[in-house]
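Engineer: Copied straight from TrEMBL:
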type    : residues       : note
BINDING : Arg85, Glu148  : substrate binding site
BINDING : Glu148, Asp183 : Mg(2+) binding site
DOMAIN  : 18-251         : domain 'HpcH/HpaI aldolase/citrate lyase'
Amino acid sequence: MRTLSTAGNGKTDQALRRSYLYVPSSSDRMLDKSLSTPSDIIIYDLEDSVPPSLHDKDSARQRLSTFLSRTPEHKLPHPERIAVRLNDITMPFFENDISEILKSPFVRTLVLPKIHSARDLHHVSRAVRISRARTSTSFPIRIIASVESARSAWNLGEIASWASEYGPDVGGKLGALLFAAEDYCADTSVVRTPSRLELLYVRSQIATAAKAFGLDAIDMVCVNYKDLNYLKDECEDGRRLGFNGKQAIHPTQVDTIHSTFVPTEKEILRAAKILHQMEVAHSSQKGAFGLEMEGGGKEMIDAPMLKQAENIIRVAKAAGLEIPSVG
C-alpha cells in the first residue's frame, strides 16, 4: 500500500501536467493533428470516442499502433506526454488493448476507466506485468485511475493508496486520479447544473485523496467546449479545489486550461515577497512576520503560508513565468 504523503503534493519532477486532451484513435486525421497540439498530455482514446462494435474497436487499436510505430520518432510527442485510454477491464477489448499498446516504447501512461476499487487496479497491474514481460522496455508505466461511480467515490482511499504487488517497475505505478463527471452523474443520478455545486463534494474528495498520496488530481471535462469564458470559470474553480489540471475534448480548450492552471501575477508577487521576507525573519531568529496587504492591514505569515508560497514559485518556474525580484 502507498504511504501518505507528508511533503506537499509529493512531487519531485518539474513537468507541468495541466491539460489532458483526448484524441479519438479511430480517426487518422485526428491522430495526425495531435502531432501539433501544445497539450501537456495527449490521451489517445480507445474507449468512449470509438464505436462499441468489435470491428471498430479492433480497427482503432490497430490504427493507433500503426501511428505510434510508423510516425518518425522526432515527430511524435515526447513519451512523457503520451497516454492511452484503454477500454475498461470488464470489456472484451481490454486484454488486446493493453497487450498491443504496451508494445510501443513511446507509451508511458495508461488511463484506466471505471476503476471502482483497488481490486480493479490489481487486475490492471497483472495485465501490465504480463504485457511488459513480452517486451524489453524497463521504464515504469504510469497509471491514471478514472473515478466514475459511487463505488469509486466510496473507495477513494483504497484506490489512492494502491501500490502494485509486483512493484512499480513491473506492475505500474499510480500517478493520478481523474474525475469522469458525466459517468459519475449517470451512475449516481446527480443532476448536472452550470453552478457545479452538486459535484463540489466529490471533486473535493478526489483532490484531497490524490494529494494525500502524492498523486495528480485531474478535473472533469467541460462539455460546453465552445464557451471559453465558462471553461475559464470552471478551470479557476478546479484550481481552487486543488486540481493540478483538466481534461479537454477540443484543442481550443487547451490554451485556456494552460493559462488558468498556473499562478496569477498577484499570486507570484505575493509568494516572492513571502519567500524573501521569511528569509529575513529567519535570519533574525523569527518564525513569522506581518505581510502588508493591499488596501491596508497586515496578515501573519508563518510556516504553512511559506509552503504555499514555495509551491506557487515552483509551478511558476515550471511554466516559464517571470518571478519578480523583491527586496
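Every residue number used here counts from 1 along the chain in the order it is shown.
Cβ coordinates are placed from backbone N, Cα and C, and glycine is handled just like the others.
TrEMBL labels come from automatic prediction, so no person has curated them.
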Engineer: Can you tell me how many other Cβ atoms are located within 10 Å of the Cβ belonging to Asp183 (Mg(2+) binding site)?
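Structural biologist: Neighbour count, Cβ to Cβ under the 10 Å cut-off: 18.
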Engineer: To what whole number does the mean pLDDT across the domain 'HpcH/HpaI aldolase/citrate lyase' (18-251) round?
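Structural biologist: Averaged over the domain 'HpcH/HpaI aldolase/citrate lyase' (18-251), the predicted model reaches a pLDDT of 97.
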Engineer: Do any residues at least six apart in sequence from Arg85 (substrate binding site), in the same chain, have a Cβ closer than 8 Å to its Cβ, and if so which, in order?
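Structural biologist: The list for Arg85 (substrate binding site) reads Tyr22, Ile43, Tyr44, Asp45, Leu46, Glu47, Leu110, Val111, Leu112, Pro113, given in order along the sequence.
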Engineer: Where Asp183 (Mg(2+) binding site) and Glu148 (substrate binding site) are concerned, what is their Cα separation in Å, rounded?
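Structural biologist: Cα-Cα distance, Asp183 (Mg(2+) binding site) to Glu148 (substrate binding site): 5 Å.
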Engineer: When you measure from the Cβ of Glu148 (substrate binding site), which residues in the chain that are at least 6 apart have a Cβ under 8 Å away?
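Structural biologist: Once residues fewer than 6 apart are set aside, Glu148 (substrate binding site) is near Pro113, Lys114, Ile115, Ala180, Asp183, Tyr184, Asp187.
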